[in-house]
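K.L.:
Shown below is the structure under consideration.
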Amino acid sequence: MNTPLHLENIKQAPKALLHDHLDGGLRPATVLDIAGQVGYDRLPATDVESLETWFRTASHSGSLERYLEPFSHTVAVMQTPEALHRVAYECVEDLAADSVVYAEVRFAPELHIDEGLSFDEVLASVLAGFADGERACAAEGNAITVRCLVTAMRHAAMSREIAELAIRFRDKGVVGFDIAGAEAGHPPTRHLDAFEYMRSNNARFTIHAGEAFGLPSIHEAIAFCGADRLGHGVRIVDDIDVDPGGGIRLGPLASILRDKRIPLELCPSSNLQTGAVASITEHPFDLLAWARFRVTVNTDNRLMSDTSMSLEMHRLVEAFGYGWGDLERFTINAMKSAFIPFDQRLAIIDEVIKPRFAVLVG
């Protein structure tokens, strides 16, 4: 007999997470604690509950640009090796507690050099935090694998340097590269040099595209930049026509995205907050899943969106009536799309994900 699809049961399901920002997932208590240690006095609240509420309400803005504003506070308390290590360590703990068995967590080193750290020092501190967190969770019987995506900000001019950083650390926990930030006015083709460098080194990358700006951003990311995955990509729905009888017709961009099995790192709650969708029930996740796009479930920013992988899955279950088989398919989609080697992906699918879902399905 199937285990009921309640939130508490979903928390027991194994999960694979591809799109999660380190600076968007801090514990409010940690933000307050580090702010006190480093003398940062610009926080909008002085107690945990009020600060948590502020992050959530400030981020629920209806636009991507306003959604990004609260990050100034989290980034401000992530400027020392100790703070970076702590935030990374706690990230691993929090994901493992939510039954995430594999995660790729991304962050932009260029945002963490205000106090004089080098890019290498910033990245080494985060990777050490991930590794120490993995060991601690494994010792408690809660194994998780966490790898890093190094992000460049699309409005800046450091993407080639950040891509080189990703390659320097490719054997130390970094599995790929990304660009992020406001899409409007900052097309991905401005960073072709970085993407060409990654390809020339046989390395993988994802691109934030189609979150707020629409089809042109997705087209550039795929046709000119050669993205292996799309961060969000939700606006691909603009290239899909649904006829009155329920059939669909894919435009050329949607067709190649589906045909090439390019993964979509979909983040439903975040899309609601930024105004990309009006409600979870109106999110195109279900249409894309039904049309057999490579859809994956992601958190984006756990603090700002007040979410977790379990909550994202539960919201989708409530909105679209998904069953355990659907959640397993989305999880395997994510694991297939991870940037670690094929044999490692297969091992996690066959030895962890499928057996644990089998218990839940009954």
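Please read every residue number as a count from 1 along the shown chain.
Cβ atoms here come from the backbone N, Cα and C positions, even for glycine.
Computed from a predicted structure; not experimentally measured.
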K.L.:
Swiss-Prot has His19, His21, Asp300 down as binding Zn(2+); which of His186, His191, His208 does it also list for that site?
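P.N.:
It is His208, as the record lists it for that site.
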K.L.:
Write down the Cα-Cα distance for Gly181 (substrate binding site) and His21 (Zn(2+) binding site), rounded and given in Å.
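P.N.:
His21 (Zn(2+) binding site) to Gly181 (substrate binding site), Cα-Cα distance: 12 Å.
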K.L.:
Looking at substrate and its recorded binding residues His21, Asp23, Gly181, figure out the farthest C-alpha pair and report it in angstrom, whole number.
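P.N.:
Pairwise Cα check on His21, Asp23, Gly181 gives a maximum of 13 Å.
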K.L.:
If you measure Asp300 (Zn(2+) binding site) to His232 (site 'Important for catalytic activity') at Cα, how many Å is it?
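P.N.:
The Cα atom of Asp300 (Zn(2+) binding site) is 9 Å away from the Cα atom of His232 (site 'Important for catalytic activity').
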K.L.:
Is Asp300 (Zn(2+) binding site) helix, strand or coil when read with DSSP?
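P.N.:
It is in a strand.
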K.L.:
List, in sequence order, the same-chain residues at least six positions removed whose CB sits under 8 Å from that of His208 (Zn(2+) binding site)?
P.N.:
Arg154, Asp178, Ile179, Ala180, Gly181, Glu183, Gly231, His232
